[in-house]
Amino acid sequence: MKLCATSSEPARAAWPLSEPALAYFPDARSASDRDLAAGAYSPGVAMEHIPVLLDRCVELLTPALTRRNPDGRGAVLVDATLGAGGHAHRFLSDLPGLHLIGLDRDPQALQIAGERLAPFGDRVSLVRTRYDGIDDALAQTGVAEVSGFLFDLGVSSMQLDRTERGFSYSADAPLDMRMDSDAPLTAADVVNTFAEKDITRILREFGEERFAARIAKHIVRRRPLNTTGELVELLYDAIPAPARRTGGHPAKRTFQALRIAVNSELDSLRAAVPAALAALETGGRIVVMAYQSLEDRIVKTEFAAATASRTPPGLPVELPGHEPEFVALTRGAERATPEEIERNPRSAPVRLRALEKVAGRPTTARRDAR
């Protein structure tokens, strides 16, 4: 197995490991929303990692990975959100010739996935980076074009299970929320040092919280806040009682907003999807699973642009060379079936979208022409 670092990360020695536990929504993707809404999460209890929509991901990506050889030889799959490696393990097991590049910013996730995928040897390359570091990761691993991309967005249950990471509002822990434990900014930094107007903006834009200004005012008045428990208590005071009785846990939107801000999740996604589309070879495929509307909106917008014709509107026929570069493999966003949700409650809120690249024009040229 090859262990790589991004250009901004020092190379790391081999990772000693422990066993995994992983993956994870309702309609606002707070770290614990998926599991709490499904009644599937208890603080401090490690949960079995059941990869979300695993069979559907295999069904969608395998044709691209077996175009050259039925065993996957010559194909490269990038798992841009490696986590504990559940999806990656299935693809490597099914396709004994496949090479997989796994990306994750969380060193603990890479430790867990590294041990899990160690039996596959040099067919696996792991890179510590955010998923918007795709270009650098491919350069480091010597890969020019990719056969398939898989994105499973959001926070993993592995991160939720580690109470000290501060992602869950169901247990008292330090206000951390960093996906990369070496990153400088924490949720405590945001609530304790940001201006009231900036906290309001974060809660409104990233949490779609209608009481954003009210909550920000309470935060500034009461800070410093150092634990998730202190923040939850404040939110119960800040949000009017009638609103607390509807729409799920009153903390979910604030926790979602802080987590997104701390980890620059949406900016990273906006850069990652176009980079992935540009790196796909003709016949390659991309699958993205999103768990809340902010993520899905970005994916939907990028996919719509990728599947649009460049023929000027009003012409009755498609101009040669102006055909869409990608075709959709799903009709809109697919949801988990009742059977899947019963087997894996965490899949209830997922929205899956997939594309196939059918033309060889550079994606960057298409985007510049918009």
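We count from 1, first residue shown onward.
Using N, Cα and C of the backbone, Cβ positions are placed for all residues, glycine too.
Listed in Swiss-Prot for this protein:
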- Gly85, Gly86, His87, Asp104, Tyr131, Asp152, Gln159: S-adenosyl-L-methionine binding site (BINDING)
- 332-370: region 'Disordered' (REGION)
- 332-345: compositional bias 'Basic and acidic residues' (COMPBIAS)
- 353-370: compositional bias 'Basic and acidic residues' (COMPBIAS)
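Features as recorded by Swiss-Prot, highlighted on the structure.
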| residue | record | Cβ contacts under 8 Å, 6 or more apart |
| --- | --- | --- |
| His87 | S-adenosyl-L-methionine binding site | Pro51, Leu54, Cys57, Asp79, Leu150, Asp152 |
| Asp104 | S-adenosyl-L-methionine binding site | Thr81, Leu82, Gly83, Leu110, Ala113, Leu126, Arg128, Thr129 |
| Tyr131 | S-adenosyl-L-methionine binding site | Ala80, Thr81, Leu103, Phe151, Ser268, Leu269, Ala272 |
Three-state secondary structure, which DSSP defines for His87 (S-adenosyl-L-methionine binding site): helix
Span of the S-adenosyl-L-methionine site, taken as the largest CA to CA distance across Gly85, Gly86, His87, Asp104, Tyr131, Asp152, Gln159 (Å, rounded to a whole number): 17
Structural state census, the compositional bias 'Basic and acidic residues' (332-345) (DSSP three-state): 7 helix, 1 strand, 6 coil
For Asp152 (S-adenosyl-L-methionine binding site), the number of other Cβ atoms found within 10 Å of its own Cβ: 27
Residue among the binding-site residues Gly85, Gly86 whose Cβ has the most other Cβ atoms within 10 Å: Gly85
Three-class DSSP secondary structure - Asp152 (S-adenosyl-L-methionine binding site): strand
